[in-house]
Amino acid sequence: MNKNRIYQKSLKDLNTFSIDVIAKKIIFVRTIQSLIKIYKKCNLFNIPYIILGEGSNVLFLENYKGIVIINRIKGITVKEKKHSWLLHVFSGEKWHDLVKYTLRMGFFGLENLALIPGCLGSAAIQNIGAYGLEFKNICQYVDIICLENAKIIRIEKKLCKFSYRDSIFKYKYKEKYAILAVGIKILKKWNPIIFTSLLKNINISKINPYRIYNNICKIRKKKLPNLNKLGNAGSFFKNPVISKKDAKQILSLYSNIPYYSQINGYIKISAAWLIEKYNFNNIQIGDAAIYKKQKLILVNLKKANPRDILKLAKIIQKSILKKFKIWLEPEIEFINSLGKIKLLNKKNNF
Ligand code: FAD
Ligand code: EPU
């Protein structure tokens, strides 16, 4: 029998890179019960599985030999407190839909995170962030579910170990667990976050949450590729966070690198700037390319082979390391035929 016949479903529309690979099976899950049922089946028959939201932070490298579970467990409940709104949101809700919902309800504070693709579950894992706001700033807790016994465990914010595009969920509660819901606290007293790039477009005296929302949407639509036209997963690499000493050194050579001081004394510098400065000269590997308007984004021009995207990413990493002595760590996750794998990290790459 032709081995390939076990592959049945294309994942093209379920990953924003638009990589045309197939999975043995794709199952949309809308209830906790069905999530548990599928997990038990996978466990019993030793079938690999992966849970996805919108597939906007992953790169499938080849056909997947297991079950792709698309999490669509939804629901939002709101509790009113004296000074805040407490939202309990299930992990299959789409992030941007939640931002719109809160604006409609008059709960202000999420507007800086408008138009970020993906679902709530991954927003917590990834500690999504943009324009001066991170998920951790509004998170109260993350509920995870043990898929073996359906026990729900609440991880309070302090224990989530959130940091730049990072959380405990990248290291712990991976096997046999799923993110089920998150708790979000929105203060009734609105505190606008005016990130410097917003200042150009906003008249401070006329500021309101809707104006910030509209501006963020405008900036993002202008700067980021349209997912319906160009496959990508947002920033391919993280902005490097380096010591003050290293920052001093590189800034003495390149004084105009955009950089941001971190609360821990470290300095985050712009990876997009480094890539732009290197000048890769319209480099293209197959259908994989660097997005012209935002150099931290790698794009699938049409039918990119994921290996070409990987090749391009490696060239970028090597070149930036050679020129600036700075290591670019991937932000996105890589998935091979059996599951997630670590690639392009310092230890195993060169
Ligand atoms: P997926 O890609 O589906 O999954 C990501 C990881 O989470 C996978 O390992 C998956 O197995 C795991 N996972 C997903 N759901 C669960 C669950 N319920 N339980 C357990 N594990 C789970 N990110 C930012 O932070 N800021 C930005 O401004 C931003 N802009 C972007 C712009 C574009 C155009 C794109 C394409 C991406 C952007 N991103 C940004 C990255 C991306 O949107 C986020 O990382 C997002 O949180 C990913 O959500 P997802 O549901 O698509 O995750
Ligand atoms: N820049 C360049 N060349 C470029 C793009 C940017 O030199 O091609 C310079 C500009 O000076 C610009 C600065 O870099 O002012 C920062 O650029 P931008 O505002 O686009 O932000 P970023 O640091 O490249 C980060 C996040 C984005 C998030 C934006 C807005 C990371 C890895 N990326 O990008 O998140 O939307 O800030 O806050 O932290 C994502 O994580 O997928 C993502 C898109």
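Note that Cβ sites are derived from N, Cα and C of the backbone, with glycine treated the same way.
Just so you know, TrEMBL annotations are computer predictions that nobody has curated.
These figures come from a predicted structure and were not determined experimentally.
Summarising the annotation, TrEMBL assigns domain 'FAD-binding PCMH-type' to 19-189.
Sequence-distant neighbours of Arg165 (active site) (same chain, six or more apart, CB under 8 Å from its CB) are Gln126, Asn127, Ile128, Gly129, Lys238, Glu331, listed in sequence order. If you look up TrEMBL, you'll see Arg165 (among others) marked as active site.
Annotated active site, proton donor per TrEMBL: Ser235, in sequence order. Under the DSSP three-state reduction, Ser235 (active site, proton donor) is assigned to strand.
Feature annotation from TrEMBL assigns active site to Glu331 (among others). In the three-state DSSP classification, Glu331 (active site) falls within coil.
Residues within less than 8 Å, Cβ to Cβ, of Ser235 (active site, proton donor) and separated from it by at least 6 positions along the same chain comprise Ala271, Ala272, Leu296, Ile297, Glu331.
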